Amino acid sequence: MQLLLKSIFTCALFVIFVYATAQSLLKVQETEARQAYLNVTSSSSSNLSQDDGHFLSRRLRQVSHGEEGDEGAPSQMDDELEQMTKVHGEAPDAEELRECSEGLVLPLWMPQRNISVGDRLVRGFVYFVLLIYLFVGVSIIADRFMAAIEAITSIERAVVVKGPNNTKQVMHVRIWNETVANLTLMALGSSAPEILLSVIEIYAKDFESGDLGPGTIVGSAAYNLFMIIAVCMIWIPAGEVRRIRHLRVFFVTALFSVFAYVWLWLILSVFTPGVILVWEAIVTLLFFPLTVLWAYIAERRLLVYKYMDKNYRVNKRGTVVAGEHDQVEMDAEKGPKQPMVTSARGNDAEAFDEARREYITLLTELRQKYPDADLEQLEMMAQEQVLARSSKSRAFYRIQATRKMVGSGNLMRKIQERAHSDLTEVKAQLHAGDDEEADDPIRMYFEPGHYTVMENCGEFEVRVVRRGDISTYASVEYETQDGTASAGTDFVGRKGLLSFPPGVDEQRFRIEVIDDDVFEEDECFYIRLFNPSEGVKLAVPMIATVMILDDDHAGIFAFTDSVFEITESVGRFELKVMRYSGARGTVIVPYWTENDTATESKDYEGARGELVFENNESEKFIDLFILEESSYEKDVSFKVHIGEPRLAPDDELAAKIKEVEKKPVQDLTELDRILLLSKPRNGELTTAYVRIRESQEFKATVDKLVAKANVSAVLGTSSWKEQFKDALTVIPADESEFDNDDEEEEVPSCFSYVSHFVCLFWKVLFAFVPPTDICGGYVTFVVSIFVIGVITAIIGDAASYFGCALNIKDSVTAILFVALGTSIPDTFASMIAAKHDEGADNCIGNVTGSNAVNVFLGIGLAWTIAAVYHSSHGMTFNVEPGTIGFAVALFCGEALIAIMLIMFRRWHKGIGAELGGPKVSKYISAAILVFLWVFYVVICILEAYDVIRV
């Protein structure tokens, strides 16, 4: 069906073109015949005039009658020729055969007189091909211009907002308001050729009015409103709809887009017919900032708009009071009413939170889809999806469309590369502190800082490490210090010097522990580092703690702390159970988990089992597995218990204790009592709370990635190297956004290669334009608009020569050919936006806004310059209403029909949206819009050639 519509559309254009060309060439042929006939007649008249003037008139009449009889030429033409020869002595009206005038940039194809029809057709074809190539070039440089505009409008500033728990949070928001950007720089970027053509034509014609510039603007407006919206209606996938979100802004731009052409009609035909005064031109130009201001007020709900969401009633005293909020948003999606949540944090903060929630939701979905992928891979895929789904500007879709047409590939590939670089950059920032040790001074410390030894271990080894620069010699002294353990009784005191030759990063020494047979509590002593050599600093731990466990007791068992705080991304967590005050025998300690605020199988895996402490073993670990949900904010806990410890049945100490327990109390010796006291028992900390919090690294990663989720960055370039690489590389224009499962590399299609080599000249030429990263895009902005101006001037000359070669009027060339050439990229951009955007603002809202801006800025600026110039020279700026006035009036009527059709589709229960909807309704609506455009073009052409007179 889409192919059929494209074929019908192409055939309609071809028929219109053939008709206009045939009519023009017919007039050319008739005029050439008249000219030849007149030349012959004039030559005969010149020879006879010396003899008899009366004979001349009679002879002319005879020849006239003879021609009528022999050749069948109309007598009316002969009478006109005779009359004109008598009165003027010259050729017929010069308008019948237009002679081309020299252009502003493009040289004129000579000669201009005595050209055959075949020559004119060849010249017309050459100019037509040149126009197409120029349209491609201006489309490519316009994309550079749009990228610069995107870089300018995406400038951000840091603001501090309060989080849900009154925590301060720094976020970056755009300085430019979206509506203001769309109606100013974005509109200028998408319509720069039309606007500049209007201004350049005024200058090229010595500040006199022309038909090409205004005709292009009016023709482009008609094509945008009718054809682009029609194509977007049927381009929406089956079963989907797209609605305008900012309906207030759409109403403002739609109102001004119609009023703009009503205003043109007023100043052309009503106020001062045929004359544009200075005040009229200036007011036309001032309507541009007024449109932007009004749209901004509507979008921000300022002035009267802030009262439009409230209901009002009159109380008993006759006072108007505000009622309850009606909870209906004009730009809300169709569906159940939702209460409005007012937040002091502002729209930017709410948008940031929404983007963050979307990122986390995507991460959860991807975790379920790819359960074997690690967190970093999931974060990469989530960032790709966030960038792909994030809000995109008109510039993105315009550049995306052009890149596909000229073989430069899909912007989604750049998004994928950007996601990888973003994640790498964020991870590097988060771990930056881990890689800065090389710049620190030389440090020495114990590793580890805590030692637990048995009383009967004999000796144990202590390790001291050096970090930083190890290329020099360094030294440090150490000594033992008493704690609850005393030197000489529990250990052998020691003092010494540790030397670190160049290249050595650690040294070790040994401490001896003294064993005895007396039961005693656990004891500890310390080892201290001091007096480091020059250039060496002592770092923590500079004091090591040594715990001596008695080997005559089975031990006391407990957790090291009552609360353990972990992150959900830890995966496996080892919970330590300590055995102190002895480590004799094999002891079994039961353990189990219990829900608190955390839920088993959701937040953690339940565990139940027994720990077996072998003889002289002082610590064991309970393996706990934490289930990660990638929650941005999480705070839940569960309990871990240890039960009563018991000696292993086959343990030697257990057998001895059983024998002693059989004895009467009065028969127990001192050694028996000590043996009974050595039974294992629990300490105070038998229950530990494990608190699961969100991962701070994950939280920081989310914040940074969401802050970086700006598609604008992929539109710009950072270096000339990147630009020339893009210009010389053929990239496949694949339609898919991402394909994580397909590892096969795609190959560019034949169309990609052909379009690449056709556009290679433009791509290489425009690679010299400065990158957008220079001065925030402003240099690119200035250079691009200059280049667009030069190419637009050439387009103006080529379009004029094209019309002149085929004797087509400038007004027809502008409305039909130039308007189409400048609007084709916008058509493809709107199609992509319609398919991928969630709303219809980038398809419909930008059309009405662009139409209004084109008139107020394009025609207003050009006419202001011309009116001021003529006024300064004491003259008036004359503009013949003619075809422009008729086209404006016709467009206004059809525009109202189109806008009413769009609103009818939105409010109709069976459709409910401007774009998409049921198959039959969307094709009928699109057909109506296509008919409006074809009717508009045909009537304008017929009026231009006086086939119909208004």
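Using the three backbone atoms N, Cα and C, a Cβ is placed for every residue, glycine included.
Marked as topological domain 'Extracellular' by Swiss-Prot on the basis of a curator's inference: 23-120 (among others).
The annotation N-linked glycosylation site is assigned in Swiss-Prot to N39 (among others).
The feature N-linked glycosylation site is assigned by Swiss-Prot to N47 (among others), with sequence analysis given as support.
Note on N114 (N-linked glycosylation site): other Cβ atoms within 10 Å of its Cβ, all shown chains, come to 9. The N-linked glycosylation site annotation in Swiss-Prot covers N114 (among others).
The transmembrane segment annotation in Swiss-Prot covers 121-141 (among others).
Per Swiss-Prot, transmembrane segment is recorded for 180-200 (among others). Here the transmembrane segment (180-200) has long-range neighbours at 104, 138, 142, 145-146, 149, 152-153, 212-214, 216-217, 220, 253, 291-292, 295-296, 393-395, 398, 785, 788-789, 791-793, 795-796, 818-819, 822, 826, 829, 845-846, 849-850, 853-854, 857-859, 861-862, 865, meaning same-chain residues at least 6 beyond its ends whose C-beta is under 8 angstroms from one of its own.
When Cβ-Cβ distances below 8 Å are used as the criterion, the topological domain 'Extracellular' (201-216) is approached by residues 103-104, 194, 276, 793, 796, 799-800, 809-815, 818-819, 822, 858-859, 862-863, 865-866, 869-870, 877-880, 882-884, 887 of the same chain, each at least six residues removed from its ends. Among the features that Swiss-Prot reports, topological domain 'Extracellular' is placed at 201-216 (among others).
Per Swiss-Prot, transmembrane segment is recorded for 217-237 (among others), and the stated evidence type is sequence analysis.
Summarising the annotation, Swiss-Prot assigns transmembrane segment to 258-278 (among others) and lists sequence analysis as the type of evidence.
Residues or ranges marked as transmembrane segment in Swiss-Prot: 279-299 (among others).
The domain 'Calx-beta 1' annotation in Swiss-Prot covers 440-551.
Taking the Cβ of E455 (Ca(2+) 2 binding site) as centre and 10 Å as the limit, one finds 26 other Cβ atoms among all the protein chains shown. According to Swiss-Prot, the feature Ca(2+) 2 binding site maps to E455, D490, E520.
Cβ neighbours within 10 Å of D516 (Ca(2+) 4 binding site), excluding its own Cβ and spanning all shown chains: 13. According to its DSSP assignment, D516 (Ca(2+) 4 binding site) is coil. Annotated Ca(2+) 4 binding site per Swiss-Prot: E455, D516, V518, E520, D550, D552, in sequence order, evidence recorded as experimental evidence.
Per Swiss-Prot, Ca(2+) 3 binding site is recorded for E455, D515, D516, D551, D552.
What Swiss-Prot lists as domain 'Calx-beta 2' is 555-694. Residues belonging to the domain 'Calx-beta 2' (555-694) score a mean pLDDT of 84 in the model.
Among residues of the same chain six or more beyond the transmembrane segment (750-770), those with a C-beta under 8 A of the stretch's C-beta atoms are 136-137, 140-141, 144, 405-409, 720, 723-724, 726-728, 730-733, 779-780, 783-784, 787. Sequence annotations record features per position, and here Swiss-Prot assigns transmembrane segment to 750-770 (among others).
On its own chain, D490 (Ca(2+) 2 binding site) has E455, V513, I514, E523, F525, I548 as residues at least 6 apart in sequence with a Cβ closer than 8 Å to its own Cβ. Beyond the ends of the transmembrane segment (884-904), by six or more residues, the same chain brings 211, 214-215, 218-219, 221-222, 225-226, 229, 254, 257-258, 261-262, 264-265, 268-269, 811, 815, 844, 848, 914, 925, 928-929, 932, 935-936, 939-940, 943, 950 to within a C-beta distance below 8 angstroms of the stretch. Only pairs six or more apart in sequence are counted, and the transmembrane segment (217-237) with the transmembrane segment (776-796) gives fewer than three Cβ pairs under 8 Å, not enough to call it a contact. The recorded positions examined here are D515, N846; by Cβ neighbour count within 10 Å, the least packed of them is D515. The highest tally of CB pairs under 8 A with the transmembrane segment (121-141), across 279-299, 814-834, 924-944, is held by 814-834.
For the domain 'Calx-beta 1' (440-551), DSSP puts the residue distribution at 0 helix, 61 strand, 51 coil. With DSSP classes pooled into helix, strand and coil, the tally for the topological domain 'Extracellular' (905-923) is 8 helix, 2 strand, 9 coil. For N846 (N-linked glycosylation site), the nearest of the recorded positions N114, D515, D516 in terms of C-alpha separation is N114. Counted with DSSP, the topological domain 'Extracellular' (201-216) comes out as 9 helix, 0 strand, 7 coil. According to DSSP, N846 (N-linked glycosylation site) is assigned to a helical segment.
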